[in-house]
Amino acid sequence: MDVIGNITDLSPTVSGIPDECGLEPHDFLEVKFFLISVVGTLIGLFGLFGNATTALILTRPSMRNPNNLFLTALAVFDSCLLITAFFIYAMEYIIEYTAAFDLYVAWLTYLRFAFALSHISQTGSVYITVAVTIERYLAVCHPKSSKNMCGPGGAAWTILGVTTFAVVFNCTKFFELQVTVNPSCPDGSNWQSYILLPSAMASNPIYQQVYSLWVTNFVMVFFPFLTLLLFNAIIAYTIRQSLEKYDFHNQKSVVAALSASVNLPRNIAGISSRNELKEKSREATLVLVIIVFIFLGCNFWGFVLTLLERIMGQETLMVEHHIFYTFSREAINFLAIINSSINFVIYLLFGKDFRKELVVVYGCGIRGISLRLPVQDKFVIWRHWKRTKSRISMNTTNRTRHKISLPQTLVEHANLERLEETRFLAHHEDGVQTQVSPIHALRNGSTPKIDTLQDLTSNGRPCKTSIIDDNGTVVCTVTEFP
């Protein structure tokens with residue numbers, strides 16, 4: 001977002017006659033007013049609410065971790081960006097649309113500071129996104145290094161470093177704008193009495209060529225864009241490979257727990273705890289990938305327009321492609337507002353723990369309206385791409401194959417105490433047979449020996465055996481193949 005290139009043209013026409021002290025609004029003012037001042041403001045208000053809620057939830061004791069600390073800082077920078085965007089761009093079109101001169105004078109008074117704060121917020125938002133991407137990259141691809149480098153202290157120092165860099169890098173922005181008095185309209189009561197112009201420093205050719213052109217475009221456009229694209233491509237590929245292996249490793253852990261002869265519930269509880277930690281890490285990574293790809297999508301057109309400005313020249317675009325260039329710049333501002341407002345929606349849709357904490361913070365209902373928030377993980381389809389339920393396959397002999405199907409509650413709750421006495425029900429098209437078998441038959445890695453089942457499977461058809469507890473609840477299912 002560039003204020004200098006968006007300065008109001010203060011040379012209006014009245015009844016077709018130029019008025020050197022009057023106001024001439026922007027071209028397509030009605031469209032810009034509706035897009036930025038109306039729709040953009042509504043989206044920004046929602047974004048401020050969402051970012052405040054995000055910061056409130058992610059700082060709760062149960063949600064505190066290095067990744068959420070980065071996301072909290074991102075919410076703060078995005079909120080500052082939304083506030084400055086309103087007071088710079090939305091307010092400018094409101095002033096022109098309503099012809100409020102007093103508001104225009106106030107706008108000129110604070111514009112220089114809002115302009116610098118806008119760039120500081122934008123730089124902080126970009127590099128917090130880069131920092132959390134690198135943190136997730138280390139957690140996914142180099143977990144051992146991540147434990148040593150990405151603790152809470154490291155995250156806090158990184159955020160402090162990003163904030164310091166954002167302030168230092170943009171400190172000259174405080175001096176790029178100046179308001180001068182127009183000698184042709186010196187009374188101070190006309191629109192042209194005060195003129196907003198680039199300062200002498202901003203007009204310096206060396207400053208423009210080195211800082212404004214090459215350094216700013218590299219630091220704010222090319223480097224973060226390419227870095228995010230590269231790291232998130234690696235993360236996305238690693239996640240895809242991890243999800244394909246997720247079922248196998250999870251099933252292997254359950255088999256190991258079932259094979260233990262002592263402390264079976266404790267073993268499965270330990271496996272469940274480890275799986276839960278891995279699940280939370282995987283969810284955090286997937287949420288970040290979505291945030292970054294939306295960030296890249298919202299900033300892609302700004303990346304393209306910057307390339308066009310460097311190749312064709314800004315003056316050429318303004319003169320020969322005036323409509324295209326004008327609306328492209330407004331689209332960039334509008335997409336920046338969307339990008340700073342949408343993270344809350346991503347957390348709400350894809351963050352299971354975030355939804356739980358949201359219900360705790362705001363309660364189950366607001367003025368009688370029940371909040372029906374989804375409770376299932378939105379990425380379940382990724383993990384169950386090739387299956388419909390958790391299954392464990394193992395071979396016991398060369399002639400007979402067994403498949404044990406376990407419900408998810410077996411791993412999550414580790415409630416196996418009631419399995420010491422179970423009933424094996426053999427289901428078959430020819431009839432049903434029942435036989436009692438203890439749980440230790442599963443602990444040694446073998447399936448229960450039931451003579452009647454061998455007769456039933458001799459005709460070449462599989463036989464399904466269900467393990468049920470005293471309450472009649474099916475705990476697991478053994479499918480025997482001939």
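In case you wondered, yes, glycine gets a Cβ from its N, Cα and C as well.
Over in Swiss-Prot, the protein carries these features:
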CARBOHYD  Asn6  N-linked glycosylation site
CARBOHYD  Asn170  N-linked glycosylation site
TOPO_DOM  1-32  topological domain 'Extracellular'
TOPO_DOM  54-68  topological domain 'Cytoplasmic'
TOPO_DOM  90-113  topological domain 'Extracellular'
TOPO_DOM  135-148  topological domain 'Cytoplasmic'
TOPO_DOM  170-218  topological domain 'Extracellular'
TOPO_DOM  240-284  topological domain 'Cytoplasmic'
TOPO_DOM  306-330  topological domain 'Extracellular'
TOPO_DOM  352-482  topological domain 'Cytoplasmic'
TRANSMEM  33-53  transmembrane segment
TRANSMEM  69-89  transmembrane segment
TRANSMEM  114-134  transmembrane segment
TRANSMEM  149-169  transmembrane segment
TRANSMEM  219-239  transmembrane segment
TRANSMEM  285-305  transmembrane segment
TRANSMEM  331-351  transmembrane segment
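Residues 3, 6, 8, 23, 25-26, 29-30, 32-33, 36-37, 40-41, 44, 174, 176-179, 189, 191, 194, 196 of the same chain lie 6 or more positions beyond the ends of the topological domain 'Extracellular' (90-113) yet place their CB under 8 Å from a CB of it. With DSSP states grouped into helix (H, G, I), strand (E, B) and coil, the topological domain 'Extracellular' (170-218) comes out at 26 helix, 10 strand, 13 coil. In this chain, the transmembrane segment (331-351) lies out of contact with the transmembrane segment (219-239); the count of Cβ pairs under 8 Å, excluding pairs fewer than 6 apart in sequence, is fewer than 3. Each residue in the topological domain 'Extracellular' (306-330) has a pLDDT score, and their mean in this model is 85. The stretch from 33-53, 69-89, 285-305, 331-351 that makes the most Cβ contacts under 8 Å with the transmembrane segment (114-134) is 69-89.
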